[in-house]
Structure formats: structure tokens, C-alpha cells
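K.L.:
The following block contains the structure, expressed as C-alpha cells.
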Amino acid sequence: MSIQHVTRDGHDTPSLPRDFARYLVAAVAAKWGFNIAKVAVPLVAITSLGAGPGAAGSLAAAGTAPFLLLGLPAGAWLDRVARRPVMIAMDLARFVLLGSVPLAAAADALTMTQLWVVVFLNGVATVFFDVAMQSHLPDLVGPGSGRRLVVANGRLGIVDQMALIGGPALAGWLIGLSTAAAVLAATALGYLWSALWIRRIERPEPRPVGAVRRSLVAEMREGLSFVRRNHILRAIAVAGALVNVATAGTVAMLPLLLVEELHWSEGQLGLFLGAGGVGGLLGALCGRRLSRGLGAGRAVLAIGLAIAPVSLVLPLVGRPVPGLLAAPAWALVIFKVGFDSVVLTSIRQHVTPSRLLGRVNGTLRVMFSGALTLGAATAAFVGDHAGPRAATWVACAALALVWVPILRSPMRRQTLDGC
């Protein structure tokens, strides 16, 4: 059951089914848990096992590898099965995996091998959970409703941005009060909480439909081909990859540029990066309003054009642009990231048939994860050979071009039923 609300500006705001509230509670627990664990697990390795930078870095690599390795097969497999039971199973798997760490630490039996296995398998479970969650949303809010999708993704985008901003900070505060292992125990319970809320969703899940079942490889190819042939999805893929290449490269270089070259304090760096977090949250909050006012595709194009000159301010920080001007520029850049997480996700869910949602989401997840890796690696290479400022120029040049694939595609005319 859903009800229409009227906003102060006279527009209808479609209410979402009661089951979406349960889905959202599960998302809060899962997203915050993931971002807390990213801080807590390396700290367990450092404080309990005396791990050095190499071991801590290898844990980060073990956690991100599944996103590149398994996105495509996960998407293809999830188009064959009911997605909600998979989400519950992955939450329970993460509960067991993360819960094993404090138990082993308490028994003085924790090893780096266990941490590597836990982090890798936790990443595997997260890939399947995230792809299933994104693919299940259109069925939950009602197929064919772009308006409800953009409202739902707006609320999920706020959860994402708050978890990105607050998760690491909360992890640090909680670890200061107790231990990293104890925080991991609480995080594991959060995944159990998520599973219980997904279990409470009442709406029957549609049975997977499609042609005769083929090999996973053939179905992965179908997903890749659909993204490549669909002009809107192709534009989303290219624009999203450009944003990820650019932001990953910029984030990798900012500490070197601001702290090492310009001699900012760590506190000033934190405030600068925090401005980006606020921008991302505002972008998620404004996604539906801007889409309704301009049309979804035109809003994406307009924001891409707006940040093109703004992004070129970042490499000029310190000379001649003062930090007080560079921080708002960074906030506007991450505003686009938050906005895109709502609007582009809604568009791709709107234009993709339900039977292909898993494969499309998996394909784009691999592309976007690969773009993050490429952006960081490119920035490291250019930074080593030409310095962090030159690497920041390269990253921001990519960011200044994110509007091009949108302009050259039918996406600029795409709407979401009036939003």
C-alpha cells in the first residue's frame, strides 16, 4: 500500500511500500557495517598481530579483489534465482566471518591467514549482497515506476553517503572506547540485524523469468552486450567510469599535494575531505528535486557541465587558489558523485528489464571498480614521474569531460515519469 503526499511546491511525492522501510533498515546496517569493518579489520591486524604497511595493504587488496573478479558471474547467477534469499544468506555469512575474528582474538588464535580469508570472503559476500540488493529494488517498489525508484534511491543514497562519512569516524571513536576486535563483534551483529529485517519483507518476490537457461558465460556475455548496445546504459557506464577514475586519482594525490607539498596539517586535510562528504550527502538529497525540475538526463548533463570548470580549480590549490576556495570546489565535485548515485542508478534500473538487472548491475559494478583501480594506479604513476600536482591535473581533466558521453547519447532526454 502506498499514498501520495504533496510537497510545499505542489508536486506529488509518491510514498513507498511499507516493505521498503524494512529494506532500508537492512541497508543501513549493512552499509555502516561495511564501512566500519574497513577500518576495524586493519586495526585488528596492526594491534593484535603487529602487521606492517605491507600486510595492511594486502588486506585492502583482498577486500576489493572480489568486486573485480566476481561482479559479472554474480550478476548472471542472480538473474537466475530469487534475490532476497541470497541477501539473507550473504548477511549471515558476513555475520559468521566477522564474528570469527573477535572469537579467535579472545582465544589468542588469530592469524594473518585468517584475516586474509575473512576479508576476501567478506568481499565475496558483499558483491553478491550489493548486486542482489540493487536488482531487487525495482520489484520491491513496483516495476515501471521511475518516480518511486528515484525516491527510493534518494533515501539509499543518503544512507550510502552517511555511512561513507560517518562509518570510519564511528569506527575510530568506538575503537578508542574499547578494542578493534570488540567493534568487529558489534559489526557482525549488525549483519545479523540486516538479515532479520530482510526476512521481514512481506511482498512476494517475482519468480525469475527468461529464456532457456544457458551457461553462465553466455549469460554474462548477454549482460555485457546489453550494456554495450543500449545507448543510455553505455553513456552511464562511460560517464561513471570517468568519474571513478578522476575521483580515485584525486583522492590518492590530495594527501601528498596538501600535506607534503603545501604543508597543511592532518586536521586541515580532514576538514578539506570532510567538505567532500558534505557535498556527497547534499547531492544525494537533491537528486530527486533536480531531476524533477530539469528532467533526469538534463540534470545529469547540467551538473556535469557545471563541475567541468570547478574541477580544474583543484590542481591550482595553493597557487594561486587558496584552500578556502578549493574546499567548496571539492564539495561540488563530490556533490556530483552523490547525485549520480541516486539518479543514474534510478535510470539504469528504469531502462533495464528485470530479467537482466543482475547482469547489468554486475557489469557496471566491475567497470566502476576497475575504474577506481585504474584511477589510483594512473595517479601513482604520474605522481611518481611528474609530481602530485601533475597527477591531480590528469585526474581533474578526466572529471572535466564527464558530460561528453551524456551529451552524445539519448540520455540527455531521459526522464523518470516526471520524478
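Our numbering is plain: 1 for the first residue shown, then up by one each step along the chain.
Here the Cβ of each residue, glycine as well, is placed from N, Cα and C on the backbone.
Automatic prediction, not curation, is the source of TrEMBL annotations.
Pasting the relevant annotations from TrEMBL:
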type	residues	note
TRANSMEM	20-46	transmembrane segment
TRANSMEM	58-78	transmembrane segment
TRANSMEM	113-133	transmembrane segment
TRANSMEM	181-198	transmembrane segment
TRANSMEM	235-257	transmembrane segment
TRANSMEM	269-287	transmembrane segment
TRANSMEM	299-318	transmembrane segment
TRANSMEM	324-345	transmembrane segment
TRANSMEM	366-384	transmembrane segment
TRANSMEM	390-407	transmembrane segment
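What does the local environment look like for each feature on the list?
P.N.:
Cβ atoms under 8 Å from those of the transmembrane segment (113-133) belong to residues 23, 27, 30, 34, 37, 41, 44-45, 49, 58-59, 62-67, 70-71, 74-75, 78, 83-84, 86-87, 90-91, 93-94, 97-98, 100-101, 104, 358, 361-362, 365 of the same chain, restricted to positions at least 6 beyond its ends.
Long-range Cβ contacts of the transmembrane segment (181-198) within its own chain (Cβ-Cβ under 8 Å, at least 6 residues beyond either end) map to 22-23, 25-27, 29-30, 32-33, 36-37, 40-41, 44, 48, 84, 87-88, 91-92, 94-99, 101-102, 105-106, 171, 174-175.
Cβ atoms under 8 Å from those of the transmembrane segment (235-257) belong to residues 227, 269, 272-273, 300, 304, 311, 314, 317-318, 333-334, 336-337, 340, 344, 347-348, 363-364, 367-368, 370-376, 378-380, 383, 388-389, 391-392, 394-396, 398-399, 401-403, 405-406, 408-409, 411 of the same chain, restricted to positions at least 6 beyond its ends.
Tertiary proximity for the transmembrane segment (269-287) is limited to same-chain residues at least six positions away from its ends with a CB under 8 Å from its CB atoms, namely 150, 153-154, 157-158, 160-162, 164-165, 251, 254-255, 258-259, 323, 326-328, 330-343, 346.
Proximity of distant same-chain residues to the transmembrane segment (299-318), defined by a Cβ-Cβ separation under 8 Å and at least 6 residues beyond the stretch ends, is recorded for 239, 246, 250, 257-258, 261-262, 290-291, 293, 325-326, 329-330, 332-333, 335-336, 339-340, 343-344, 389, 392-393, 396-397, 399-403, 406-407, 411-412.
Counting only same-chain residues 6+ beyond the ends of the transmembrane segment (390-407), those with a CB under 8 A from a CB of the stretch are 234-235, 238-239, 242-243, 245-250, 252-254, 257, 297, 300-301, 304-305, 307-309, 311-312, 314-315, 333, 336, 375, 378-380, 382-383.
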K.L.:
When each of 20-46, 58-78, 324-345 is checked against the transmembrane segment (366-384) for Cβ pairs under 8 Å, which one has the most?
P.N.:
58-78
